[in-house]
Amino acid sequence: FFLSTGSTLCSYELQPSEYTTDPRAAKLCPNYPVPESAPIPFFHRCAPVNISCYAKFAEALITFVSDSSVLHRLISGVMTSKEIILGLCLLSLVLSMILMVIIRYISRVLVWILTILVILGSLGGTGVLWWLYAKQRISASAVETQIAKDNRQALLVYAISATVFTVVLFLIMLIMRKRVALTIALFHVAGKVFIHLPLLVFQPFWTFFVLALFWTYWIAVLLFLGTTGSPVPNEEGFVEFQMVGPLKYMWWYHVVGLVWISEFILACQQMTVAGAVVTYYFTREKRNLPFTPILASVNRLVCYHLGTVAKGSFIITLVKIPRMILMYIHTQLKGKENACARCMLKACICCLWCLEKCLTYLNQNAYTATAINSTNFCTSAKDAFVILVENALRVAAINTVGDFMLFLGKVLIVCSTGLAGIMLLNYQRDYTIWVLPLIIVCLFAFLVAHCFLSIYEMVVDVLFLCFAIDTKYNDGSPGREFYMDKVLMEFVENSRKSMKEAGRGGGAEGRELKPM
């Protein structure tokens, strides 16, 4: 600094030539303007040693939050209602467990119970929202806090949204009312599956645990990649770590690995569930089931079917990566592209999304076919596709309605938790904003319900394919007996009788039952 500017910063008793050699320089010269740092192992970065640097950062963050009035009110609302939020989250977990118990023991009437409860819950929730809005509108005074006005406005938005949702839900249920009865038999058998295979309930938790471990590993490797390279001095004399050679392209490899292995883990869950349910379905004497069908299915997966799962997940990756690239391009070009380019991008993204969903459904059925026949992925996918095409009307009538009923179960849990949250948080409307706490509770309730009921949905899909294969190769005659449960046999007999009556009498009901 002295050589370039001629300015003497140290004490005059110290000569400039002694600035870097004399041990007195530490006392006679000022401290460096850069805080003392220490290197972080492996990451080629330095971090301040003095803890006060982090304290200043935290202070700046707190100041930012305090200066933002809206953010401050939202965070204070969450902190004020934290006990209620925890209680409602626990309530959603309990409701999900109760719903699983109901599915196991009263599956015959579950569909109608869910339908009635959702109707009552939708009407009740909508009515309560409008009642609370009208009550606050009438009791509003001339001098009113801003928090109370925001809560009343939020109630109006909630009430209108609930009304639209209720009307749409009623229309869908009105259209599908004739097909609801077709799912009762599969629901009943699925309830028996959970009685014999209770460990199925915990599959989402194991899958989430494995995914969390993999994502942690992926983030750690990402940090290593972001700080890798060789030290190279730049034009200003500072040292930079620059990636050269193949390291430049490791980012793409790492991103593809994230998508592929995530899909691989989810596919392993599907194969495990399919193997356990197939073992249950095609075992005539349920007393002869393995001690732990889930572990037996995992053992078969590891020993024989990892290649099948890897190929199926790789196909999904080949579709998902281009869709993600197109979404990134669409985000980067937002507001810059013309209307035609924007429409084409959205159309391509939509087509790839639809293709991905179709392939995911076909893969799931291919895993079931693999669990039944122990064939490779391509053969299993072909067999599953043929079965699904031959039973296209059954897929539309049974599988879709079953998924819709499980969706109603999720709606019931979310509505019940949300309604309880509205009633509890309504007592705090004058001194806290409860929009964010209610959103947090509803999102958590939906995630919990989805974790529990997604396995039930998967079991119903596997049972349907087993049922279709059973009815294709067996007819109940001696030597070709059905493997299916008695409830499904009664369902088949009732369908045959309905077809005969439809053939004699015709009419709308006959056409409705003819696909069976």
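Backbone N, Cα and C define each Cβ position, glycine as well.
In TrEMBL this protein carries:
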type	residues	note
TRANSMEM	84-103	transmembrane segment
TRANSMEM	109-134	transmembrane segment
TRANSMEM	155-175	transmembrane segment
TRANSMEM	181-201	transmembrane segment
TRANSMEM	208-229	transmembrane segment
TRANSMEM	249-282	transmembrane segment
TRANSMEM	404-425	transmembrane segment
TRANSMEM	431-453	transmembrane segment
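Long-range contacts of the transmembrane segment (249-282) within the same chain, counting only residues at least 6 positions beyond its ends with a Cβ under 8 Å from a Cβ of the stretch, are 193, 196-197, 200, 203-204, 206-207, 210-211, 214-215, 218, 221-222, 225, 243, 289-290, 293-294, 296-298, 300-301, 305, 308-310, 312-314, 316-317, 320-321, 324, 363-364, 367-368, 370-372, 455, 458-459, 462-463, 466, 470, 483-484. Among 84-103, 109-134, 155-175, 84-103 has the largest number of CB pairs under 8 A with the transmembrane segment (431-453). Counting only same-chain residues 6+ beyond the ends of the transmembrane segment (208-229), those with a CB under 8 A from a CB of the stretch are 42-45, 241-244, 247, 250-251, 254, 257-258, 261-262, 265-266, 451.
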